[in-house]
């Protein structure tokens, strides 16, 4: 015979079993969330380098290095223009730590006393305005640091060659255009002479008289 204490316990177990039972009913969400496309600004670029690292910038006022964040540093090459920029975001917040073009005038050097770090100067746009910054980046290994330095320098040199090629192509195009214009001007001038345009009135008269003389039949002797 069940005691009074056992009866409430059995009722609680029955209620718990009923709550755990899957009825198969589906409840529609109150608010429907539409899928939103997220853009990073890197859709038209290809990553030619992607390495984990930690970035520092030199504080000119305090005369010391300050950490900018830890994350992935990338070299992104634009699919159409061929320009390459360096971008680094913090791994957790995705906040931009560095964002600048790799220019022909830039060079990267090993940081004194640390083979895993290197430094360079750049006009950076990470804070929404152009600032001349001195960066120091540290990698987990010496190999990664060397890979970064070699790729950075290679890109800088290739940008210089690309600009020289663009200048040469632009110059060649300009010379070709001028050549075509000169030929057209010579052709127009020749056409004017043939039609008698731009010929002084006295010359026209002489030309006319000479033409008449040529048309007269030769006199018989």
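Cβ coordinates come from backbone N, Cα and C, glycine included.
Keep in mind the model is a prediction, meaning the values are calculated, not measured.
Here TrEMBL gives region 'Disordered' for one range in the set 1-26, 27-52: that range is 1-26. As a whole-number mean, the pLDDT of the domain 'RanBD1' (26-161) in this prediction is 92.
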